[in-house]
Amino acid sequence: MDFFLFSLELRSVDLQIPKNNKEHHTQEMGWKQLILRRGQSFTIQLKFSRPFQPQLDHITFVAETGPEPTELLGTRATFFLTHTRRGNIWSASDFTIASNTLHISLFTPANAVIGHYTLKTEISQGQAPSVTYPLGRFILLFNPWSAEDDVYLPSEILLQEYIMRDYGFVYKGHENSITSRPWNYGQFEEDIVNICFEILDKSLYFLKNPGKDCSQRRDVVYVCRVVSAMINSNDDRGVLQGNWGEDYTQGTSPLEWTGSVAILRQWSSRGGQPVKYGQCWVFASVMCTVMRCLGVPTRVVSNFHSAHNTDGNLTIDTYYNRNAEILPTEKQDKIWNFHVWNECWMIRKDLPPGYNGWQVLDPTPQQTSSGLFCCGPASVKAIKEGDIHLAYDTSFVYAEVNADEVVWLSEDGQVQEILAHNTRSIGKEISTKTVGSDKRQDITGSYKYPEGSPEERSVFMKASRKLLEPRRASSPLLHLLGSGDLKDQPVQLQLWLARTPMWGQDLLLMLHVRRVPDRAHTQSPIGLMVRFCAQPLLHGGSAREPLWRHVVHLNMDLGKEMQWPLLLPYSDYRNKLTDEKLIRVSGIAEVEETGQSILVLKDFSLEPPRLSVEVFERAEVGHALNIYITLTNTLMVALSNCTVVLEGSGLISGQIAEDLGTLMAGNTLRIQLELYPIKAGLRQLQVLIRSNEVKEIKGYKDILVAEAGVP
């Protein structure tokens with residue numbers, strides 16, 4: 001029979017979603033959509049009305065993405081069926097014929113535009129007109145497994161952590177008291193990948209020029225900057241609205257979020273209305289979800305004692321009065337007790353050689369970059385080497401980890417003297433989750449050389465010259481700062497906590513005083529008047545009105561050391577702290593003989609009660625799993641309106657919430673809940689108990705879930 005007498009008609013298409021998604025490491029996203037990674041082949045199966053004849057039948061494939069796809073913009077690709085693949089281009093090859101079925105291997109180039117694609121085929125014989133058949137849709141992501149992709153990460157262990165891990169930790173608190181909080185990234189939840197592209201499609205760049213925006217989605221640097229701008233809502237209909245005040249009645253307190261999924265779903269379901277509310281760790285955690293989902297290796301990083309330096313002078317100025325009270329200032333410069341951003345892994349073809357690898361991206365709206373509230377990518381290597389002229393926003397991030405802190409004594413609006421010039425206090429304990437572990441990893445050495453080392457001073461001077469020289473003549477504070485070193489101090493003061501600071505209990509601090517034996521000072525006893533002040537701190541570095549004051553008079557002989565207890569009663573701070581439960585105790589000692597002032601500080605967070613989460617049995621997909629949650633109220637007051645919220649990708653669909661009522665002081669709450677795990681593998685259950693008194697009591701449990709029926 002002459003098959004040429006019959007046209008080749010397409011009868012059915014099999015996109016082989018389970019096989020392709022597994023090979024492309026997207027099986028966790030489900031089987032409803034074909035989800036591929038660029039730079040990697042995938043197979044489809046076409047069934048025709050008759051056997052395919054390579055000499056007679058001509059098959060052309062067309063892949064399109066975006067609203068107005070064109071080959072010029074790279075959003076439309078036309079490619080023919082060939083025997084072998086040639087290079088990093090769209091291709092259809094390596095086909096096999098079995099009766100009326102054609103098995104074909106299709107390839108997407110490693111620099112293809114990411115996005116939602118439609119795939120169709122055009123079939124013709126000889127000079128006859130072609131007939132077009134739709135084959136289906138697929139989603140194309142970045143591919144960190146492909147050596148040709150700009151996000152290539154040549155380590156399967158790192159890929160499992162920074163792409164496949166759907167949970168992690170946020171590090172908060174203070175450099176001397178770092179706390180870890182579990183977070184559910186949930187990047188593989190079924191609808192999240194579509195929401196991620198919805199975020200890109202609501203950006204100002206897309207709304208202004210959709211074709212150009214889609215074309216630039218081949219570039220990971222561009223995509224990262226768009227996402228960084230879209231996670232906050234300062235310029236656009238972004239995902240989260242920031243709130244650094246204390247009134248969260250119109251939304252959810254940033255402390256009460258336990259994962260990204262609920263935030264992204266709420267944003268999408270309400271037509272792109274910003275979700276209330278976020279702060280830095282929420283912005284960064286949601287961006288981590290989006291970037292891991294899109295295929296970019298990403299981690300969440302915390303920087304303790306982080307500078308917010310808006311004027312670019314590498315100096316953060318703080319002011320105190322003689323009563324040791326932090327004074328408000330109109331300047332935007334602040335020192336945050338911690339700040340959280342992201343690092344994304346990529347090649348930087350837009351920079352000179354040597355700046356590939358981890359790049360800082362910060363979705364928290366702090367300052368504009370190219371007219372929008374976004375930050376980065378800034379090469380971590382460039383930050384360490386002081387190459388602050390390199391794109392993007394490297395000078396801003398450099399200041400976050402390297403600025404000097406200058407503390408001034410002020411009276412009647414006039415600075416009187418420098419109380420401290422700290423060159424080593426900014427950028428401490430830079431932290432991220434350890435690969436393959438729940439432990440914290442200190443990565444400060446990636447951002448800067450050891451404090452005080454010749455390399456660190458050399459880099460600081462290089463960066464300072466680039467930033468400060470043009471403006472040095474116009475800064476009276478810099479002139480005062482450079483007029484001489486701080487005077488030697490006749491006594492050394494140190495504040496430390498005598499016991500763990502628990503919210504709801506009296507706080508005990510110790511003042512350690514040591515008279516310094518120095519020929520520059522008188523050998524006679526000296527008198528000290530030490531004025532203390534305790535103030536609640538907001539996360540962004542501002543302070544509220546004092547809640548406690550105290551004055552101590554001391555006489556110090558040469559070589560003498562002493563310790564003085566300071567009691568801060570619960571009654572003094574009850575109902576006066578922010579939700580962060582962060583306090584700064586400041587002391588200014590005045591030397592009665594000379595009038596010299598000496599500053600001593602102690603910042604600390606109050607610890608909430610501890611939450612216990614236990615599982616005593618084997619976890620298996622689809623089988624009941626008992627969870628035991630225990631909380632003892634160790635405070636002196638009751639916890640009212642308690643609610644427990646459970647979340648965990650692969651364990652729970654969405655969230656489980658239950659009202660618990662009031663937990664009296666000293667009482668223990670025991671909860672037993674039953675879950676039915678959804679996915680196999682290592683999963684994390686996040687648990688939040690919130691109350692009127694304490695918003696954030698969090699715990700977690702890592703759970704290894706077995707496949708159903710596997711012994």
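Numbers run from 1 along the shown chain.
Cβ atoms here come from the backbone N, Cα and C positions, even for glycine.
Nobody curates TrEMBL annotations by hand; they come from automatic prediction.
Annotated active site per TrEMBL: Cys280 (among others), in sequence order. Other Cβ atoms within 10 Å of the Cβ of Cys280 (active site) number 27 in total over all chains.
For His339 (among others), the entry in TrEMBL reads active site.
The active site annotation in TrEMBL covers Asp362 (among others). Taking Cβ-Cβ distances under 8 Å and a sequence separation of 6 or more, the neighbours of Asp362 (active site) in its chain are Ser228, Phe283, Ala284, Trp341, Asn342, Cys374, Cys375, Gly376, Asp393, Val397.
Counting only same-chain residues at least 6 apart in sequence, those with a Cβ under 8 Å from the Cβ of Glu451 (Ca(2+) binding site) are Thr423, Arg424. Sequence annotations record features per position, and here TrEMBL assigns Ca(2+) binding site to Asn402, Asp404, Glu451, Glu456.
According to DSSP, the domain 'Transglutaminase-like' (272-365) comprises 15 helix, 40 strand, 39 coil. Marked as domain 'Transglutaminase-like' by TrEMBL: 272-365.
The binding-site residues examined here are Asp404, Glu456; by Cβ neighbour count within 10 Å, the least packed of them is Glu456.
Within the same chain, residues at least 6 positions away in sequence whose Cβ sits under 8 Å from that of His339 (active site) are Cys280, Ser302, Asn303, Ser306, His308, Thr364, Glu400.
Taking Cβ-Cβ distances under 8 Å and a sequence gap of 6 or more within the same chain, the neighbours of Asn402 (Ca(2+) binding site) are Ala307, Leu314, Ile426, Gly427, Lys448, Phe460, Ala463.
On the 0 to 100 pLDDT scale, the domain 'Transglutaminase-like' (272-365) averages 95 in the predicted structure.
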